[in-house]
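Quick notes on the structure that follows.
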Amino acid sequence: MGEEGTEGTVHLLCLAASSGVPLFCRSCRGGAPARQQLPFSVIGSLNGVHMFGQNLEVQLSSARTEDTTVVWKSFHDSITLIVLSSEEGASELRLERLLQMVFGAMVLLVGLEELTNIRNVERLKKELRASYCLIDSFLGDSELIGDLTQCVDCVVPPEGSVLQEALSGFAEAAGTAFGSLVVSGRVVAATESWWRLGTPEAVLLPWLVGSLPPQAARDYPVYLPHGSPTVPHRLLTLTLLPGLELCLLCGPRPPLSQLDPQSLLLSIVVASCVPSTPWSLPRTSHQSRGQQRTRWRKQPRGPRCQESATWCLGRRSRAQAGGWWLCRWARGGCCCCCLPSVPPTRFGAWPPTLCRPSARSSDPCASATHADTAVSVSLFIRSQ
């Protein structure tokens, strides 16, 4: 049953336990989905030997050939899952947890009632097609490890407290206690109630969002394998930034159209504190202090400014009207002694406490104290 060559193949079979009718068969070769299907005779033999053991009160859980590992697992005496893997180093524990994740995905998108009481096999086959995308992501190559650890894949972003506060406020305004920010199947921030979800749904929901094709908004019906396996909930997703999605788990309310305007406010907060890549670490974390200083020295500067401004603790450079200069203290700002005017920001007018001299003067900051100016500059930098 193994495949020749260096690329391993994984076959996943789902059958009705009582009748042995195949519900679906998914395959993966070399980490990518494949259309290769097992012959019906092989499927029947694998299910037959498992049923034969059950009739003799023998539980057949796994078998190993020269180049293939086979694992069987039954769920609620109604669904039988079989996985065959010819990948090098495939362990029985890993394959067993894979089957648990697959059944959890089936419950997540179809519901436990439809799987335990099979009334119409053909109808169930059609409903299970919604889970193919998620199941294929389990079989293929993935950077996520939640299927092995049974824990949620997370990242630690900079300014995590700001994200947490913004997310909690947004979820409360939407009328739900379950909210999270997900990037590529990993949770960036989540509300307290989201972290209290059971292990299957806590791992499956972010994985589901990461496996779906990109969309601006979704209203997805889901079941919770642990918390609510028979009553569906609504999973609302909104794309805030490329690759970053807001997820809300709620009931009949709110409508998806009501969340679109509110999401713009959250996206401004997210854009101000989350770098584009890499998501898990600050933008300068890969550089040593020496590299950061070298990069700072190479940034463009103008001639030395002749005016004095004691509140600035770094080297100043003359700038053109409406331009910007960089300093060691604030990593950016406006030299009020060098600029005759200050341009408006992309978030609106400049803070009113900042000194705005109309022309060069001996005391350019007479209308604002040094502390007010520094605070205004730091607030603007934070907004960027």
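From the backbone N, Cα and C atoms, a Cβ is placed for every residue, glycine too.
TrEMBL does not curate its annotations; it predicts them automatically.
As recorded in TrEMBL, the features of this protein are as follows:
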type	residues	note
COMPBIAS	280-291	compositional bias 'Polar residues'
COMPBIAS	292-301	compositional bias 'Basic residues'
DOMAIN	11-137	domain 'FUZ/MON1/HPS1 first Longin'
DOMAIN	175-258	domain 'FUZ/MON1/HPS1 second Longin'
REGION	280-302	region 'Disordered'
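Broken down with DSSP, the domain 'FUZ/MON1/HPS1 second Longin' (175-258) shows 20 helix, 40 strand, 24 coil.
Broken down with DSSP, the domain 'FUZ/MON1/HPS1 first Longin' (11-137) shows 57 helix, 34 strand, 36 coil.
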